[in-house]
Structures are given as C-alpha cells and as structure tokens.
Amino acid sequence: MRAADRVIVPLDVADVEGAIALINRLPQVTFWKVGLELFVSSGPAILRQLKAQDKQIFLDLKFHDIPQTMAGACRAAGRYGVDLVTVHASAGKAALIAAQTAAAAGAAAAGQQTPKLVAVTLLTSIEARSLAFELKVPLELSDYALQMALLAQESGLAGAVCSPQEAAQVRRFCGDDFCLVCPGVRPAGSDRGDQRRTLTPGQAVRAGADYFVIGRPITTAADPAAAFEQICQDIESENIPVRER
Ligand SMILES: O=c1ccn([C@@H]2O[C@H](COP(=O)(O)O)[C@@H](O)[C@H]2O)c(=O)[nH]1
C-alpha cells in the first residue's frame, strides 16, 4: 500500500461546503475521515460526495451504547458503503459483537462491502494521570489500551484505534492481521494541540501502525499539500511495507 493511501485526513469542519473546499484543495488525499462535527451538522450527504469521487471513507462516530443501540447504528452505517467505522471498546463484548454482526447485515442488505469495525482503546487526548485520577482506572495506561484492543479482537472486530505510543505493544499481542489506526501522529516540531500521546509519522510506522489519522498538521498548514506530501515521504522513507488488510 502506498504511504498516501495510509494517511487518513479528518474533515473536521462545520459543514459540507467546508468539507468540499478541503477535499478540492487536497485531491491527492485518498482516505478521508468524517467525524462527529460534520456528521451531526450535515448528515450523510458528504458520504455520497466522497463515494462519487472514489475516496475511501472512515466514518468516525465512536459509537458507545447498549448492544441493541450499537447494532442499530452500525447496521445503518453499514448501508453507506464506508470503509472504516469506529466504536468504543469500553461498550463491552456483547455490544461489540452486536455491532459487528449488524454492520455486516446492513452492508449486505444494501449491496455494499462490510466496513471494518475498529474499536477505540483509549482516546489519544487522555494522559495517564487522567486515566487514573479522573476515570479511576486502576491499570497502567498501556495495559488498559492493550486490554481494550484484545477485547475488540476477541469480539471479532477487524482492528483498533490506538495512540502510536501503544501501537507496538498492541501489534505484538494482536498480531499482523489486526488493523491499527493511529491518531495522535505529529510531525516533528508541529503543535500537538489537545493530543497527549503522540509520536512522529516515522516512529508510528516503526511501531506498527497501518493507518495514520493526521488532521491539523495538514489542514492548518500554510501549504496543506506540501505538509501531506512531507508526511507521506516520512512514512515511505522508513521502508517498512504494510500488507493490504
Ligand atoms: O483516540 C482518538 C480517536 C479519534 N481521534 C480523531 O482523530 C482526529 C485527529 O485530528 P488531529 O487534528 O490530527 O489532532 C480527530 O478528528 C479526532 O476526532 C483522535 O484524535 N483520537
């Protein structure tokens, strides 16, 4: 897979017009992420636009609910023909299994390919102190993220969303067939914003990430196309092939 096909750029904008402007500005991006802000403001219209342009779509709505509700949401997501869908691993095994089954059923009913469900292990904006003292989780952060990834795998999901800082450990335990999607990737010297557990693109490749979700370092750059190209070169220069999943 080319590096350019592994960099997922979020459409973190307020409306469809803003999204289309960004897509047109970066024609070299093949994989776009539609998240909460855009989907809640504008609904699924942008998914049709992206499909019409043959783009890959990551629908990142991070479902977290009881099994019946997760199933309903994932059945509906499956009908859109998107490529990746997020759920929270902490919804638990029954909810993850229901989500996976329903996504496949929704996709099949609509004649679409089944999306890969990937489970968020622990948001990349959370640091060890918050996990311990706010969320009261009595595990080391890396162990908690690993346990959530293993839960996703046991539940039959295709992969996990994790910080690149935990990617190597998750890869070691979950194996090569498990898809790792890593936000919290920051080129050297770029502002980390609200991200807390970050690595550079080169470090993330070496840690075993399959996909890199990189937003603001590209979208707010003076020259977004050049920023995207530089990130692709950083990934490519590691010379670590990734298999198609
Ligand atoms: O743990 C997570 C899960 C999802 N995200 C999403 O990724 C992008 C990151 O954007 P940046 O501008 O590169 O920080 C954003 O859309 C998040 O919703 C995440 O950051 N961490």
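For all residues, glycine too, the Cβ spot is worked out from N, Cα and C.
The structure displayed is predicted, hence computed values, not measured ones.
These features come from TrEMBL:
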ACT_SITE  Asp60  active site, for OMPdecase activity
ACT_SITE  Lys62  active site, for OMPdecase activity
ACT_SITE  Lys62  active site, proton donor
ACT_SITE  Asp65  active site, for OMPdecase activity
BINDING   Asp12, Lys33, 60-69, Thr124, Arg186, Gln195, 215-216  substrate binding site
DOMAIN    6-231  domain 'Orotidine 5'-phosphate decarboxylase'
Thr124 (substrate binding site) CB neighbourhood, other CB atoms within 10 A: 25
Residues that sit under 8 angstroms from Pro67 (substrate binding site) by C-beta distance, when 6+ apart in the chain: Ala91, Ala94, Ala95, Ile97, Ala98, Ala99
In sequence order, those recorded positions of Asp12, His64, Asp65 whose CB lies under 6 Å from ligand 1: Asp12
Inter-residue Cα distance where the pair is Thr124 (substrate binding site) and Lys62 (active site, for OMPdecase activity), in Å: 13
For the domain 'Orotidine 5'-phosphate decarboxylase' (6-231), mean pLDDT (0 to 100): 98
Coarse DSSP state, helix versus strand versus coil, of Pro67 (substrate binding site): helix
Cβ atoms near Asp12 (substrate binding site) (within 10 Å, other residues, all chains): 18
Separation of alpha carbons, Asp12 (substrate binding site) and Asp60 (active site, for OMPdecase activity) (Å): 11
Residue with minimal Cβ packing [other Cβ atoms within 10 Å] among the active-site residues Asp60, Asp65: Asp65
